[in-house]
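Asks: Next up is a structure, given as C-alpha cells.
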Amino acid sequence: MRLDRFTSKFQIAISDAQSLALGRDHQYIEPVHLMVALLDQNGSPIRPLLTMLDVDVTHLRSKLGEMLDRLPKVSGIGGDVQLSSSMGTLFNLCDKVAQKRQDSYISSEVFLLAALEDRGPLGQLLKEVGLTEQKVSQAIEKIRGGQKVNDPNAEELRQALEKFTIDLTERAEQGKLDPVIGRDDEIRRTIQVLQRRTKNNPVIIGEPGVGKTAIVEGLAQRIVNNEVPEGLRGRRVLSLDMGALVAGAKYRGEFEERLKSVLNELAKEEGNVILFIDELHTMVGAGKGEGSMDAGNMLKPALARGELHCVGATTLDEYRQYIEKDAALERRFQKVLVDEPTVEDTVAILRGLKERYELHHHVEITDPAIVAAASLSHRYISDRQLPDKAIDLIDEAASSIRLQIDSKPESLDKLERKIIQLKIEQQALSNEHDEASEKRLQALNDELNEKEREYAELEEVWNTEKAALSGTQHIKSELEQARMDMEFARRAGDLNRMSELQYGRIPELEKQLDLATQAEMQEMTLLRNKVTDNEIAEVLSKQTGIPVSKMLEAEKEKLLRMEDVLHNRVVGQSEAVAVVSNAIRRSRAGLSDPNRPIGSFLFLGPTGVGKTELCKTLASFMFDSEDAMVRIDMSEFMEKHSVARLVGAPPGYVGYEEGGYLTEAVRRKPYSVILLDEVEKAHPDVFNILLQVLDDGRLTDGQGRTVDFRNTVVIMTSNLGSSRIQENFATLDYQGIKSEVMDVVSKHFRPEFLNRVDEIVVFHPLGQEHIKSIASIQLERLAKRLEEKGYQLEVSDKALDLIAQVGFDPVYGARPLKRAIQQNVENPLAKSILAGEIVPDKKVQLIVTNDQILAHQ
C-alpha cells in the first residue's frame with residue numbers, strides 16, 4: 001500500500017496512530033488507534049461528518065478509549081510497532097472504496113466507510129452508535145459537494161466557509177452583537193445596492209471610527225429579525241477572516257487555493273450568502289508573488305457574474321490608494337459613504353449601547369455622562385471620529401470606576417499599612433524589658449486595638465456596599481438573558497414562552513431591580529458605582545492633558561489670585577499680566593470662543609523687560625513646569641524655505657514623514673503655551689501660516705492632518721518700537737506710548753495679521769525700583785541653590801541697593817542685573833567657598849565695605 005496515495009490529513013492521522021500505539025505499549029497499530037487519531041486530530045475532517053449524522057462524538061470517543069484499554073500490552077518491544085493484519089485489510093478496503101468513488105487519493109471519510117464494511121470490533125462499534133454505509137455515503141456527498149478527491153490537500157479546503165469566515169447572522173441570533181442605533185439611511189442604501197441585478201456589491205466608505213462595520217452588523221440583525229425585503233430574507237452574512245485565510249499558507253499557491261475554495265462554496269450557496277470583507281483594501285495585493293494573481297483579481301470574475309454578493313468596508317484614504325487605482329475592481333463595487341454622526345446622533349447611539357457597557361463593567365452610566373462624552377470628545381479630541389471616541393471615553397470611565405470597586409479603598413489600605421507598622425513595632429518592643437519600653441508597649445497595644453476595631457468596621461461597610469452592588473448586577477444579567485430569550489421565542493413563534501417571559505419573568509425581575517436600586521441609592525461611604533460627567537472629564541483630561549474637569553475650590557482660588565502669582569516673578573508689567581490672566585480665566589470658566597485659541601498676544605517692548613519671562617511664568621502657573629512651553633525662536637525662520645519646517649515638508653521632499661516642528665509639538669501637547677520669540681525676525685511668509693492659527697485655531701500640516709490650536713495660548717514677542725518707548729517713556733502715558741509703538745508695528749506687519757491678534761501689549765522700560773525687586777527675586781534663587789549645599793545666605797539692604805544700582809541700565813532692562821550678580825556676588829562667594837573661608841551650616845551675610853560686596857560669616 002503506497003502512503004503517497006493517502007491525503008495529507010490521513011497521513012498525519014496514521015503517524016498519530018503509530019505514536020499512540022507506541023505510547024500505550026501496543027505491539028500492533030489497530031484500526032481503533034487510527035480512529036482515535038482521526039477524532040483527536042486538529043481540524044478533524046471526521047468530526048463534522050459524525051456531527052452531521054447526529055452521532056454523540058464524546059460517547060464514541062469514550063467507547064474507543066475503553067477498546068484501547070482492552071488491547072494487550074507488550075513491554076520491551078523497543079519502539080518496533082507494526083501494522084496489524086486487520087489494519088492492512090482495512091487499507092485495502094479503503095483503496096477499493098476510493099477507486100469505486102473515482103478518487104485519486106484516499107481520504108479520511110473513506111476510512112469510515114471501509115470500517116463499516118469490515119466485520120471487526122471497530123465496525124461493530126460504529127454500527128452500535130447508529131452509522132450505516134448508506135447514511136455515511138450520503139453525508140460524504142453532502143460535505144464534498146459532488147467533488148472528487150484529486151488533491152492531497154482536498155480535506156483542508158473543505159468547509160472553507162466555516163474555517164475562513166465568521167457568521168454574523170449566527171452571532172446576531174445569539175445576541176452577541178451590539179445594538180445598531182441610527183444609521184437607517186446607510187443600511188437602507190446598502191440593502192438597495194444588494195437588491196440590484198448586477199453590480200450588487202456595496203462598499204462602505206468612511207473615516208476610521210464612524211461605524212462602517214456596525215452597518216453590516218445592523219444588516220445582519222435586520223435579516224435575523226426579518227426586517228428586510230423578501231429578496232434578502234433567510235440570507236447569511238459571513239465576514240471573511242483574512243487572518244485565517246493567510247495564516248499558515250507556506251507554499252506558493254496555497255493562499256489562492258484557500259480563497260478559490262471559499263469562492264467555490266459561495267457559488268454553490270447560489271446567492272444565499274452575503275460575504276462581508278472588512279478592510280477591503282487588504283484584498284488588493286494579498287497573496288501576490290512573482291507572476292501570480294492577487295486576491296482582488298480572483299474576486300473580479302465572481303463579482304462580475306453576480307455569483308458573489310459582497311459588502312466591502314474601507315477608509316477613504318485606503319479606497320483612494322488601493323481600490324481606485326484598479327478601475328476594473330472599483331467599477332464592480334457601488335460606494336456607500338458614511339459620514340461622522342452629529343453630537344445628537346452620538347448621544348442616541350451611546351444611550352443604545354449603555355446597557356451593554358453597564359452589564360460588562362457592573363456600574364451605572366448616568367445620562368449626563370453620555371451627553372458629556374459626546375460633547376467633550378467632539379470639542380477636545382479632534383484627530384478621531386464620533387461615535388468611536390465618545391464610546392472610548394464611556395468605556396474607560398466605567399473601567400476606572402470598576403477598578404475602584406474591585407480594589408481596596410484608600411482609607412482601608414492606609415489603615416492596613418498602619419496596623420502592619422504597629423505590629424512590627426510591637427514585636428520589637430516585646431523583646432525589651434525596661435520600664436520605658438513596657439510603657440510604650442502598653443500604649444502601642446491600645447492604639448493597635450483601636451486601629452483594628454476601626455479597620456473591622458470599615459471592612460464591614462465595604463463588604464456590605466460591595467454586596468449591594470453585586471446584587472443589582474446579578475439581577476441585570478438575568479434581565480438581559482430574559483430579554484434575549486424573549487427575542488428567540490419571538491423568532492421561533494413560541495407564543496406561550498413569549499407570554500410567560502413578557503408578563504411573568506421580565507416584570508418580576510424589573511421589580512426586583514427597582515428594589516435593589518433603591519437600596520443602592522442610599523449614600524455610599526466608600527464606593528462609587530456611577531459614571532458621571534466628572535469621571536468623563538477626568539478621563540479626557542488624562543488622555544489629552546486639557547483641564548476640562550470641574551474646578552476644585554483650590555484651583556478657583558488660584559485663578560482668582562493669578563495676577564499675584566505672576567507678579568512674584570514678573571515685575572512692573574501690570575497691563576500684560578492682567579491681559580494674560582483674564583484670557584486664562586475666561587478659558588477655564590468656559591466662556592472663551594471654542595473655535596479660537598485661548599488667547600493670542602503680541603508682546604512689544606525693549607529687551608530685558610520680562611516678555612519671555614512672563615511666558616515662562618505662565619507655563620509654570622498652568623502646568624507646574626516651564627518645560628510645558630513650546631518655544632520657537634523665530635530668528636531660525638529668516639529664509640523663505642525654512643517656513644516648511646513649521647508645518648512639515650511637502651510630499652516628495654526629504655523629511656516628509658517627520659512632520660512639522662510646530663504642528664507635531666501641538667499634536668502631542670494640545671494644551672500648551674506657544675512662544676514665538678523675536679517674531680519680527682521671521683520671513684513674512686511665516687505670518688501667512690499664523691493667520692489660520694489665530695483666526696480658526698487650526699493648521700493643516702504637510703501630511704494633510706488638521707492640528708487643533710484651540711486649547712493653546714499663542715504669545716509672540718518683538719522688539720519693534722523699543723526706541724520709541726525709550727524716547728517717550730518720560731513724557732507720554734501708557735496709551736500714548738502704545739500708539740507710538742503701533743505706528744512702527746503697523747509698518748512692519750500686515751493689517752490682516754495684527755487684526756487677528758487678541759491683544760497687543762506694550763511693556764514698560766524698567767525703573768530703579770523694579771530692578772531692586774528683580775534683584776531680590778534673583779538673590780532668592782541663589783539662596784535656594786546655596787541652601788541645597790548647606791549654606792544659609794542673608795543679604796543686607798545696602799548690598800541689595802548696590803546690586804540694583806550696578807545692574808541698572810535703562811536701555812538693556814534686567815539682563816545686566818544677572819551679570820552684576822555674577823560679578824559682585826557669585827564670583828566672591830565661589831572663591832570664599834573654595835578657600836574654606838565659608839563653612840556649611842552657618843549663616844553667610846552679604847555686606848558692603850568700600851562700595852564692594854563681601855561675603856562674611
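Every residue, even glycine, has its Cβ placed from backbone N, Cα and C.
When I checked Swiss-Prot for this same protein, it listed these features:
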DOMAIN    3-146  domain 'Clp R'
REGION    83-146  region 'Repeat 2'
REGION    159-340  region 'NBD1'
REGION    341-545  region 'Linker'
COILED    391-525  coiled coil
BINDING   Gly605, Pro606, Thr607, Gly608, Val609, Gly610, Lys611, Thr612  ATP 2 binding site
Asks: Specify all same-chain residues, apart from the site residues Gly605, Pro606, Thr607, Gly608, Val609, Gly610, Lys611, Thr612, whose Cβ lies within 8 angstroms of the center of the Cβ atoms of the ATP 2 site, ordered by sequence.
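Replies: Result: Phe603, Glu613, Thr717, Asn719, Phe763, Gly813, Ala814.
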Asks: Looking only at the domain 'Clp R' (3-146), how are its residues distributed among DSSP helix, strand and coil?
Replies: 96 helix, 6 strand, 42 coil
Asks: Across all the protein chains here, work out how many other Cβ atoms are within 10 Å of the Cβ of Thr612 (ATP 2 binding site).
Replies: 18
Asks: Out of these binding-site residues, Pro606, Gly610, which one has the fewest other C-beta atoms within 10 Å of its own C-beta?
Replies: Pro606
Asks: Name, in the order they occur in the sequence, the residues of the same chain whose CB lies under 8 A from the CB of Lys611 (ATP 2 binding site) and which sit 6 or more residues away.
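Replies: The answer is Phe603, Gly605, Thr717, Phe763.
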Asks: Where does the mean pLDDT land for the region 'NBD1' (159-340)?
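Replies: Result for the region 'NBD1' (159-340): average pLDDT 83.
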Asks: Out of Gly605, Gly608, give me whichever of these binding-site residues has the highest number of other Cβ atoms within 10 Å.
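Replies: Of Gly605, Gly608, the one with the most crowded Cβ is Gly605.
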Asks: If you skip the near sequence neighbours and keep only those at least six away, which residues in the chain come within under 8 angstroms of Val609 (ATP 2 binding site), Cβ to Cβ?
Replies: Gly572, Gln573, Phe763, His764, Pro765, Leu766, Gly813, Ala814
Asks: Any idea what DSSP makes of Thr612 (ATP 2 binding site), helix, strand or coil?
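Replies: The residue in question, Thr612 (ATP 2 binding site), is helix (DSSP, three-state).
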